[in-house]
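What follows is a set of notes on a single structure, which appears directly below.
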Amino acid sequence: MAETVRCVRGILCNFRSFLHTEMLLALLVLHVVSPFYNTAAVEILRPRGVSLLHKPFYDESKPFTCLDGSATIPFDQVNDDYCDCKDGTDEPGTAACPNMKYYCSNKGFTPKTIPSSRVNDGICDCCDGTDEYSGLILCEDKCREMGAVELEQRRKQAEVINKGFQMRQNLVADGKQVRQDREAKLNALKEEKQVEETKKQEAQAAKEAAEAPEKEAVDKHKKAWEEVKAARELEKQKEAGTAAFAELDLDGDGLIKLEEFQTHLEFDDDVDGEVTEEEAKTHLGDVTEVDLDRFLTESWPKIKDLYQGEKDKAKAPPAEEPTKGDTDEPPSEDPVPPPTDEEEEREEEEEEERFEEDDNDDEVEDEDDDDDLDDDLDDDYPDEEEEPDVDMTKDEAKPDEDEMPEYDEETKQLIAAADQARAEYTEANKKVNDIDTQIRQLEKQLGTDFGPESEYSSLDGQCFELETKEYKYKLCPFDKCTQSPKHGGSETTLGRWEKWAGPEENKYIAMKYTKGQNCWNGPDRSTEVRMTCGIENKLLSASEPNRCEYVFDFETPAMCTQEVPTNPEFTHEEL
Ligand code: MAN
C-alpha cells in the first residue's frame with residue numbers, strides 16, 4: 001500500500017515508514033466501508049496500476065528492480081510519485097513517469113490500460129475509479145453495472161451464434177444431401193443419355209432411310225415438271241417465232257429477205273434511222289434470206305427479245321425506245337385486247353348505265369349498284385350463281401399452269417413417311433439435348449465450391465437485395481452482383497462469381513465477384529462479399545470504397561462455425 005502515500009524523496013522518508021503500518025490499517029478500513037473508495041481487494045495484493053501479469057515483478061519483501069534492469073531501488077520507492085526507473089516501471093500507479101501505462105483491473109468488467117498521465121487528473125477513466133485516488137474527485141465503481149450490460153449483450157450474441165450454429169448443422173446436412181442427390185442424378189442421367197443416344201441414332205438411320213426414296217420421288221416429280229415447263233416454253237417460242245415470221249414475210253413467199261427485215265427499226269443498231277443491209281444480215285444470222293425452219297432455229301432465238309411485232313407496236317408507240325423491262329419480257333402469246341377498245345366499251349356501258357340510273361327509282365338503283373359490283377368482280381372471280389363459261393375456267397386454271405402439279409399418291413406417302421421419321425428424329429435429338437443441358441448444369445453445380453461442408457449450397461440459385469438511397473443492390477451467390485439505379489436506368493453487373501477470397505487459413509469468409517461491367521476509363525467492376533454469422537441470409541450493406549470496387553456485407557448461418565457458452569463470463573484476467 002506504499003503507493004497510496006505521496007512521498008517526496010528526502011522529506012517524507014521517515015513519514016513513509018511511519019505511515020506504512022498506521023495508514024495500511026486505516027485505508028484497509030476505508031476500502032471495506034466506503035462504496036466510493038474504489039480500490040478493490042486485488043489492489044491490496046499488488047501495487048496500484050500493476051496488472052496481474054506483471055505482479056510477480058513487484059514483491060514487497062525485496063528491493064525492486066526496474067523491468068528494464070536499469071536500477072534496483074528499495075521497494076518503498078515504488079509508487080512514491082518519483083520516477084526512479086528509466087522505463088518508468090517503478091511508478092505504475094502514479095503520473096510521475098512519462099509514457100507509463102496505468103492498469104485498472106475494472107473488476108466485474110473488462111480491464112483497461114490508460115496513459116499514466118491521466119492518473120489523478122480529476123477525470124474518471126477507469127470504471128472502477130482507481131485512477132482517481134487523490135481526493136480531488138470521487139469516482140463511483142461502475143464496473144459491475146457496465147459488466148452486467150456487457151454480459152447481457154454477450155449472452156444475446158451467444159444465443160444468436162448458437163442458433164446460427166444449429167441452423168448451420170441443418171445447412172450442412174442439406175448441402176451434403178443435395179450433393180449426394182446431384183451425384184446420383186448425374187449418374188442416372190449419364191445412363192439415360194446412353195439409351196437416348198442409341199434411340200437417336202436409330203431415329204437418324206430411319207430418317208435417312210425414309211428420306212432417300214422421298215428425295216428420289218420428289219426429284220423425279222420436279223424433273224418431270226421442269227421438262228413440261230421447258231416443252232411449253234419451246235412451244236410458246238415456236239408460236240411466237242412463227243407469228244413473227246408471218247409478219248416479217250411481207251410478200252408471203254415463205255422467205256424473209258433482207259429488205260423485209262430492213263423495215264423493222266428495232267434492228268437499227270446504230271440508231272441512224274435506217275436499218276442497213278449489214279445490220280439486217282447480222283440479225284438474220286449472216287444470210288440474206290431465211291425460210292421458216294431456219295428462222296425458228298437460228299434467227300428467232302437471237303432476235304426475239306429485240307423484235308417488236310405488230311401487236312407490240314400497237315401497244316407501245318414506235319417512237320419510244322424499247323425499255324429494258326420490255327425487252328426482257330418474252331412476246332405475249334395470248335395478247336390482251338387493245339386497251340383502248342376495252343376502255344371504250346366499258347366507258348360506253350357505264351355511260352348507258354348512268355343514264356338509266358337517272359331515270360330509275362331507288363330500289364332499282366340499288367340492284368344496279370349490285371350489278372356494277374358483280375361486273376367489276378367478274379374480272380377476277382366467277383359469279384357463283386352463273387355457270388362458269390369456258391374463258392372463266394381458263395382464267396381460274398391459268399395460275400395453276402405455272403404451279404407444279406400435286407405429287408402423286410405414292411410420293412405423298414413417301415413424304416409423309418419421311419416427315420414422320422424427321423419428327424421422330426427431332427424428338428429423339430431434343431431428348432438427348434435436354435439431358436445434355438441437365439448434365440452440364442449438374443456438373444457445374446458439383447464443380448462449385450459450396451464450402452468445406454457444402455454449407456453454402458442452399459445459397460445457390462437465391463438472390464438477396466438491399467436498397468440504399470441511390471441504388472438497389474443484388475447479390476446472387478455463386479452467380480453475380482448487380483446494381484440498379486432506383487430512379488431509372490439499366491442494371492449494371494458488378495461482377496460474376498469467381499472464388500472464395502478470404503485469407504488462406506480462412507478462405508470461406510469472403511467471396512470475390514469479378515469481370516463486371518467495365519468502368520468508364522477504369523477497370524471492370526468487381527465486388528468483395530464479406531460474410532458474417534447471423535440467423536438469416538441477409539445482405540446487410542453495400543459500399544463502393546474505391547470507384548467501381550464494391551464491398552457487400554452479408555450475414556448467413558453458414559458462417560456460424562462454432563458454439564459459444566450461453567452464460568458468458570469475463571476472463572480470469574478481466575476479473
Ligand atoms: C455508375 C455506378 C457507380 C460508379 C460509376 C462509375 O454511376 O456504377 O457505382 O462509380 O458508374 O462511373
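Cβ from N, Cα, C; glycine included.
Taken verbatim from TrEMBL:
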{"type": "COMPBIAS", "residues": "193-202", "note": "compositional bias 'Basic and acidic residues'"}
{"type": "COMPBIAS", "residues": "208-220", "note": "compositional bias 'Basic and acidic residues'"}
{"type": "COMPBIAS", "residues": "294-315", "note": "compositional bias 'Basic and acidic residues'"}
{"type": "COMPBIAS", "residues": "340-390", "note": "compositional bias 'Acidic residues'"}
{"type": "COMPBIAS", "residues": "398-409", "note": "compositional bias 'Acidic residues'"}
{"type": "DOMAIN", "residues": "236-271", "note": "domain 'EF-hand'"}
{"type": "DOMAIN", "residues": "461-562", "note": "domain 'MRH'"}
{"type": "REGION", "residues": "193-220", "note": "region 'Disordered'"}
{"type": "REGION", "residues": "294-412", "note": "region 'Disordered'"}
Query - Averaged pLDDT score, the domain 'EF-hand' (236-271) - result: 93
**Report entry** the compositional bias 'Basic and acidic residues' (294-315), counted residue by residue under DSSP: helix, strand, coil
**Finding:** 16 helix, 0 strand, 6 coil
Report summary line: Within the same chain, the residues 6 or more beyond the ends of the compositional bias 'Basic and acidic residues' (193-202) and with Cβ under 8 Å of it are 425, 428-429, 431-432, 435-436, 439
Query - Close approaches to the compositional bias 'Basic and acidic residues' (208-220) from elsewhere in its chain (Cβ under 8 angstroms; 6 or more beyond its ends) - result: 407, 410-411, 414-415, 417-418, 420-422
Query raised in the report: So how many of the residues in the region 'Disordered' (193-220) end up helix, strand or coil by DSSP?
Result: 28 helix, 0 strand, 0 coil
